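Please read the structure below before turning to the comments.
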Amino acid sequence: MCSQQEKSPLSCSSAMLPITVFALLLCIAHSSAGLPFEQKAFWDFDKEFDMHDLLMMMKDEEDGSGIEPVDPQEQPVCPFGCQCGLRVVQCSDQNLHHVPRNIPPDTRLLDLQGNKITEIRENDFKGLYNLYALVLVNNMISKVHPHAFLPMTRLQKLYFSHNRLPAVPKNLPASLVELRIHDNHIKRVAPGTFSALGTMNCIELGRNPLQNSGLEPGAFAGLKLNFLRISEAKLTGIPKDLPHNLRELHLDQNQIQAIELVDLSQYPDLNRLGLSHNHIRHIEHGSLGFVPYLRELHLDNNRLSKVPSGLFHMKYLQVVYLHSNNISEVGVNDFCPTGFSMKKTFYNGISLFDNPINYWEVQPATFRCVADRNAVHFGNHKK
Ligand SMILES: *[C@@H]1O[C@H](CO)[C@@H](O)[C@H](O)[C@H]1NC(C)=O
């Protein structure tokens, strides 16, 4: 699901993917298409919910049991306006103001996106013990009854983005693996919000008005998360109290000013770190030494005046975005170690365009540990 696919090419960033044929095809197409400066993952958290992807996943997880044909005579009632079949209930874009009644109890996927639901009531999901995925994206939900999710003891995926929630709902099912709650009105994550969710793998929490002070101490306690995104929020620093085993942390489009030594020391397993579109001027010397497994680092669109120190020590680093900063000089040892053997993987993407660099002064040897010369993006799109 959300776990990092160790073998997938980094350009096909999505760590969210089970390996499906689609994903593989896309990875291949993507990585051969030159440099991916835009992250375009097949199953990207920025992307709107895609029913087809989810059905593929459900099939994968059903252990090949297949889906039994249902005798039409025995088919249970289907809520008015919805389509039911193969244990999928589709009620998207129906102008619904409430979760409909009569949802068949064997439903695995319930899609209620694009309606006008304002509230989840206590008994809305009563009897839905088999639900695997619940899609509530694009509604107007501002209230969730604290017991509403109790029946769904097998729920793994909850998609709640683009609503009006003031807080992460209480009593989320312990079976949950993935929570997307992007673009809501969450200002505060209280201690213990996720405490019962030991199998949770990824959370998308971006585009909420969250400040650092809103992530209270213990807010993420109990989680062993691989992936966390809090982009497009109001963070002014890297939060220190996130789950410590994070593999991916995306904090793009915040107002982060600096990276301090302690910041990255909290997250030693990071593979991918996204800090694009912040206000970073300063990266404390030695910071990157705490994240030795980093493969991909996005620092574009910040205010850096030099290449971060310590890149040349990073054995696994493959992608570094530094475009649209204020970098005026690049030293011959900024990126690569002095001996080839020290680097385990060569770079396949370095971006430096839109910086006040005199490119002709950069020595070619600067990029001696780059897979091929097309992997370095120069060019001066001057500010
Ligand atoms: C860019 O860096 C130069 C020094 O190299 C400095 O004088 C200037 O103020 C910086 N510009 C910004 C916008 O930070």
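Here the Cβ of each residue, glycine as well, is placed from N, Cα and C on the backbone.
Only one of CYS202, CYS336 is recorded by TrEMBL as the disulfide partner of CYS369: CYS336.
Disulfide pairing as given by TrEMBL: among CYS78, CYS91, CYS84 connects to CYS78. Reported as a whole number, the C-alpha separation between CYS369 (disulfide bond) and CYS82 (disulfide bond) equals 56 Å. If you take the C-beta of CYS82 (disulfide bond) and look for same-chain residues 6 or more apart in sequence within under 8 angstroms, you find VAL89, GLN90, CYS91, GLN94, PRO100. Counting other CB atoms no more than 10 Å from each candidate's CB, the disulfide-bonded residues CYS78, CYS84, CYS91, CYS336, CYS369 peak at CYS91.
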